[in-house]
Amino acid sequence: MGQFADAFLHKKKEKVRDVPSLLKRTSVLLKEGYIFSDALFMLLPYHVQELEKWNGKLQQDFNNGASVTDILKNFPIPKHLLLTIQLAEEKGELAETLSQVSEQMKFQQDLQKNVGKLLAYPAFLMMILTIIFVVFRNYFLPNIQQITANSDSEELTSLKLAVVLLHFPDFLLLSLVITFIFIVSCRHYFRKWKVREQLKIIMKIPIVRSVYQYHFTRQFSYLIGSLLVSGISLQQALSILEEQKTSHYVSYIATQLKQRVIFGDSLSEAVKVTQFFASNFEEFIKHGERSGYLGREMLIFSEMLYERMQSILKTCMAAIQPLFFILIAICIIAAYISMLLPIYDLVEIM
């Protein structure tokens, strides 16, 4: 029965409605004095369909002594946010953290929706252009080739060019399929590697390296900062991050940092040696070490990075639609060339 429930929840993870709203409302109820289980069971009917199965599985987890983080693993919440919730649960700051996690998930969902809206119109235009290309290639072009053959003329160079240009959608679609298969295959095999090997590959790919460095920098500045602010020593904070099982990347990097700190390095020196973080992270930590407010300053740095990452994502999103329109313009030019050049050459022959 338990295995069936696990399989059910794994299948239904993606069908939980509006997880950010669920977390936000749970946060509000916790602040009003509700315990987590009561708040969750109260809100669950508004976010899932097969309520009885969900209630049965979650009640079983609660009876077995599952933590808040263990319960929330049943929902489609990113692992790095689950780790934030786990630390907040241990520090007694669950309500506030659930609200923050809700806002972050809401931003990500809104971003995905906006990307979908931006791509909808260009995708529709691409579909229409593809149909035009196919129709022209299958009906118009053969007629021109037949006229050329009947006139006993050599095959027109423009006709050869038109054949190539009219296969442009095919080349584009084939490239997208190959790219998709390549990415899926790489991701499949990549997950089988050890964390150390994964990070080694990630840090060798320019754009991917920058993305992960920003992510690790923001994540560690928040996690370590929040632990230091709560009164935990640096080595204890790194030990907590090392021992958690939610994120293997965080555990591995925390282990590397902890080893350097044990050997006598400061956190800023350890961060510089590991090279998993943004270049300015070291200087920011040095300032915190000198001022004696390292924890608080790391939390501030985390907030600054989050705002900067949001700004970068919005900029990238705004650039997506123009790139698609440029691609569409190229297709339109190719269509005009493939249609008009053979006609002009035929006029000269006639």
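The backbone N, Cα and C atoms fix where each Cβ goes, glycine too.
Bear in mind that TrEMBL entries carry predicted annotations, made automatically and left uncurated.
Features reported for this protein in TrEMBL:
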type: DOMAIN; residues: 29-142; note: domain 'Type II secretion system protein GspF'
type: DOMAIN; residues: 220-342; note: domain 'Type II secretion system protein GspF'
type: TRANSMEM; residues: 118-141; note: transmembrane segment
type: TRANSMEM; residues: 161-184; note: transmembrane segment
type: TRANSMEM; residues: 323-344; note: transmembrane segment
* When you scan the chain for residues with a C-beta under 8 Å from the transmembrane segment (161-184), skipping those not six or more beyond its ends, what do you find? -> 129-130, 133-134, 136-137, 141, 144, 327, 331, 334-335, 337-339, 341-342
* Asked: Short question: which residues 6 or more past the ends of the transmembrane segment (323-344) have a Cβ under 8 Å from it?
  -> 119, 122-123, 125-126, 129, 132-133, 136, 140-141, 144, 156, 158-159, 161-162, 165-166, 168-169, 172
